[in-house]
Amino acid sequence: MRKGGIQDAEPVEPPQSSRKSGTWFAKRPSEMPERHVERAPVRQKINNVGLYKATLYSNIGSFFFGIAVGWSGTAERSVMEQHSYSFQPTELQWSGVCILLTLGAALWCLPMGLMVRLLGCRRTILIQLLPNFLGWFLTVFARSVPMLYAGRFFLGMCGGAHCVVVPIYNAEISTTKKRGAMGVVFEGACICGVIYSFAMSLFLELRIINFVNLGLLALGPLQILMPESPAYYVDHGNIPRAEDSLRFLRGQKYDTRREIDFLTRDPTESEREVRQGPLLGFKYKKVRRSLARSLAIALLQKLCGALIFIFYGLNMLDCLRIRREFGLILCLGLILGFLACFFLVDRLGRRPLLIFSSAGIVFVSIYLGLHFKVWMTMGLTVMSWIALFCIAIFVGCYTAGVGSLTWVLNAELLVRPMRPLGCSIVCAFNWLTAFFVICWFGSHGVKCQPYLFLLFAIIASLILLFSLIYIPETKKLSSAKIQQRLGGLINRPAVITFTSSSDSSNA
């Protein structure tokens, strides 16, 4: 309930001693807590202004990464025609410029899990300012193709790090009622960066745009204002700092005792084992199951095709014989898709959005495939506009579903002790898939081929089926309840033999 901008907090779930409670690791008889009388949870008011600020600060780097991704599509003509640099790359070298962004992201994702465990999300995000500055500095002052390669690789490194750290951070600082909306802001920040790159390319020369992008990095130090995750402070025994962080996120009048008690409860022997070495967590079936589902949805996200429109969207407009200025219609589709996801993810839930958006991609892709087949044989120019609006619907459905929710589910399906390592593996796999997709697309002239869209329809159908069968609904659920729902087919709850990890998002 809201009153005067204040929201009632969902009470923190106290540790349960019943065998029927949602659990993660098997509790042995010696680990069972003593029975005691539980008092009814007391609801208290939460001021979410601090949460919104922390989410905004943490996604500044995501916006920078969106600019770097959008630069790939908007700069091609200027670079290839030698208007912005003293050198002129070949088509193969330009494909390398696009590919190295994804390769840098894939390689830099892997050490992020260790950095998050040791340094925390806040310091890991701040460290990325260095590769971000190096990347744009080399891009702006490139004197050769290898310098441009290096700049794009550094920018990819920074983006890959944010793909790992920001979703983890947003999941740990958010309440269960706000976790979905705060999680999709990451994709929204990237989209804003892409749209910014496209809009700037319509009015300014690439050389000026590069200097403006370099100047935008002055916003990076604002990330110092974001608090560290309370869970990180608790794990390192700094309870006063954890309480300060919670007051920043929930309001100065917020009573932190219940949430701190939940985070500081005694771990089971198996939980202590995983905290000593995350690799030990993979011997548990539900951890492997969560990771497998996250990997599958990450693979399908990059195969679905929207990345092609971002990297080669302007080329597709040329293929349709439409002026590049009308690419703003595609930007409108991205914005509407993100807004739909942002406002509905915590109301409808994750699964309905995945299912409906994937179904929309299937139908639009089939139509586009047939449309391009008819258009190429009949040569009707007016049909190009129909294709443009259909592509806008395609990217809108993608953003409303698998494009945004992949990052949310990546953090939600994994229990907190396994998130740093698990998310780094999933994100590395995600961007490695993007690397191969761009390699394949760049070497084949299939920008307006009907069979390309029919392939996208098949992949979207797989996303639809996978969401129906294997993805549980995680809306407003604690980590323990999410693990409980990770059953077999149709996500039937399995026998409850696992105990929940500490999860600060249960507040």
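Even glycines carry a Cβ here, placed using N, Cα and C.
Relative to the membrane, GLY180 and PRO450 occupy opposite sides according to Swiss-Prot. Counting Cβ pairs closer than 8 Å and at least 6 residues apart in sequence, the transmembrane segment (96-116) and the transmembrane segment (325-345) reach fewer than three and form no contact. Packing against the transmembrane segment (208-228) from elsewhere in the chain are residues 50, 53-54, 57-58, 60-61, 64, 67, 71, 75, 84, 120-123, 125-126, 129, 132-133, 136-137, 139-140, 173, 197, 200-201, 241, 244-245, 248-249: each is 6 or more residues past its ends and has a CB under 8 Å from a CB in it. Sequence-distant neighbours of the transmembrane segment (294-314) (same chain, 6+ residues past either end, Cβ-Cβ under 8 Å): 69-70, 72-74, 76-77, 98, 194, 198, 324, 327, 330, 361, 365, 391, 394-395, 398-399, 402-403, 406, 409-410, 413-414, 422-423, 425-427, 429-431, 433-434, 437-438, 441, 447, 452-453, 455-456, 459-460, 462-463, 466, 470-471.
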